[in-house]
């Protein structure tokens, strides 16, 4: 019985010796251990519109995309009707202008909506809506933004304009030519002190944010244009028009104003 138990527990029970553990000489080979820092990579977007191989919306219209076309700036025959992206140099300049103007329009649309939202939330702001601001700004002592003369109260719109020119000129000069904020690597996306939130550190997320910035900027430019047209026609800001439309969608819409203009009246 004891012999049977020994035979069962022996590694050479099946007639072939089983190697239980590697020998010391095998352990001490000349292997090398490398350690690397595991950085959590942000997962690329699952959205079909902002990834690198984005679906082109005009895919049915033009089968062949031009060589200069990326996902963000489709330069197919249908997408660039004015042939603005025909030359590569002009396309690069137009892309730079699109990104810069898109960032400005995104801020402007946010400000136009925010002022109307503040007025709707019963905050007593003396400044008018975005539509009527130009008329009020030229009048003397009208640029009291928070309706309290002690906070921000500019007597002259020209003084505000001069300060804006100086400040924006300095920032743009640093962005193009470098300066105390650091050297310029890419003037369109400067990074460094211009990127205080560190949004551009991960290259994949940065590439996706570039596409989102251009797409949302185009929407913001178009919606800002729509805000101006609405204000010219109705004399109200965007949020007031939206509230009127939601209150009575049948009567308060663009068609009611479009049929309102009778020549000679």
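Placed from the backbone N, Cα and C atoms, the Cβ positions cover glycine too.
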(message) For the feature transmembrane segment as recorded in Swiss-Prot, pick the matching range from 198-218, 219-239.
(response) 219-239
(message) Between C-alpha atoms, which of these binding-site residues comes nearest to residue 175 (chlorophyll b 4 binding site): 164, 213, 218?
(response) 164
(message) Using only C-alpha positions, which one of 164, 213, 218 is spatially nearest residue 172 (chlorophyll b 3 binding site)? These are the binding-site residues in the record.
(response) 164
(request) Write down the Cα-Cα distance for residue 164 (chlorophyll b 5 binding site) and residue 218 (chlorophyll a 1 binding site), rounded and given in Å. (result) 25
(message) Using a 10 Å radius around each Cβ and all protein chains in view, which of these binding-site residues has the most neighbours: 172, 213?
(response) 213
